[in-house]
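To start, the structure itself, in structure tokens.
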């Protein structure tokens, strides 16, 4: 803190005689950049922000105010998840008395039209304008510690001086360097395909991979999912990963663990996919969902001496400040926790620190998240593996696997699983996870309790809402297992 205040004072003293065009210039109008610009303007700063225009070309989306989440990420993806979920609902409805005698057709193009991404893009522009933020469309680059160059669509270059620069350029989807890689698409294009594929191959085991596998399968496509590990969703709790894998298979997705793609070949019948174990299959679409990389290549950060890590992410301290005192960074471009709500938090903390006189560190403890496969997975806090690894005492595991009430009538063979990780000495709840319908909606409330330091006894003393799946979190009384410090997790996979 002392170092931080000293740097702020040095910056302030060195520039107090100097006049700048702006107090803050933000490069990148995604979630973090928009939040930081609006909250900074609300604190009295003169703020400008730049972003490439929303520009769909051959199903490829470039730029756009709102960023990845609004235009080519969370929001349109969740709309597609909603659309894909109806297939299962129609199946389940029959045993509830609904006679679905006519063939049900799905209109992909109608759903794409109703996504209304342009409307959301316009809403974000108006939010900036109403906050008093000056919006520029074009590509921004750092020229120096206090200078930004903007290249407009017509090639015109503008130069602005600014007291502070905030980098919020997000991340981009990566491609796998194999022969025929140009035949594949990334999540950017997957959200705006002109035709719904009948045969889809997905490469990757992360959340984007399992989400799109669920979407396309729900819409009627055959889906093959390839990933290197034994289970998808590396980094999540192993027991929950296993539950997700079973559910994906139960919904008709063909899983190929321990496998990857070797080559893609264009044919008259579609894309011939050759795997590393010699298997061949045909696909209409091949999706690379193998991770994202920070967007720093075109920002010219080296001109100001900003340090990057090996992945190309901007290196920042706990206040989101780079090694150059006047340059800051938030969101995916820093590769900390790459979630939209985290970028929003970082943007707000930046504004308080720089313009609010309240040095504020983002709090990364107990950040909840969700994977919107069908059914979804949601978690907060530590996984069993993480808890055991850092434990000084016993770790107590409580689990519940059950058939949701709805499934007892519909006949769907799909279990919901819930899990609590508890410190055996303090009784504090260290982690919670759920795989099943409405998992994200339920986990948001659990996250609040954990943020307040809730104990297992407090969970147990809470009256449940009946009948609901959520009440299971306050009725798990019997230990599933207790793991002594220094032991390995004993997950029953």
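If you go along the chain as it appears here, the first residue is 1 and each next one adds 1.
Just so it is clear, glycine is given a Cβ too, placed from its N, Cα and C backbone atoms.
Marked as active site, proton acceptor by TrEMBL: 466. Under 8 Å, Cβ to Cβ, and six or more positions away along its own chain, residue 466 (active site, proton acceptor) finds no residue.
Neighbour list (residue 171 (FAD binding site), Cβ cut-off 8 Å, at least 6 residues apart, same chain): 68, 292, 293, 294, 295, 332, 333, 335, 338. Per TrEMBL, the feature FAD binding site maps to 78, 140, 169, 170, 171, 332.
The NAD(+) binding site feature in TrEMBL is assigned to 204, 205, 206, 207, 208, 209, 210, 211, 291.
The disulfide bond annotation in TrEMBL covers 69-74.
Mean predicted confidence for the domain 'FAD/NAD(P)-binding' (22-347): the pLDDT average there is 94. According to TrEMBL, the feature domain 'FAD/NAD(P)-binding' maps to 22-347.
According to DSSP, the secondary structure content of the domain 'Pyridine nucleotide-disulphide oxidoreductase dimerisation' (367-476) in residues is 35 helix, 33 strand, 42 coil. Annotation source TrEMBL lists domain 'Pyridine nucleotide-disulphide oxidoreductase dimerisation' at 367-476.
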Other residues with Cβ within 8 Å of the Cβ centroid of 204, 205, 206, 207, 208, 209, 210, 211, 291 at the NAD(+) site?
202, 212, 232, 233, 289, 290
What is the one among the binding-site residues 140, 170, 204 whose Cβ has the most other Cβ atoms less than or equal to 10 Å away?
140
Candidates 74, 204, 206, 208, 210 (recorded positions) - the one closest to residue 169 (FAD binding site) by CA:
74
Roughly how many Å separate the Cα of residue 78 (FAD binding site) from that of residue 69 (disulfide bond), to the nearest whole number?
10
Mind checking which of 69, 74, 208 has the fewest other CB atoms within 10 A of its CB? They're the recorded positions.
74
Taking just the CA atoms, what is the gap between residue 140 (FAD binding site) and residue 291 (NAD(+) binding site) in Å?
25
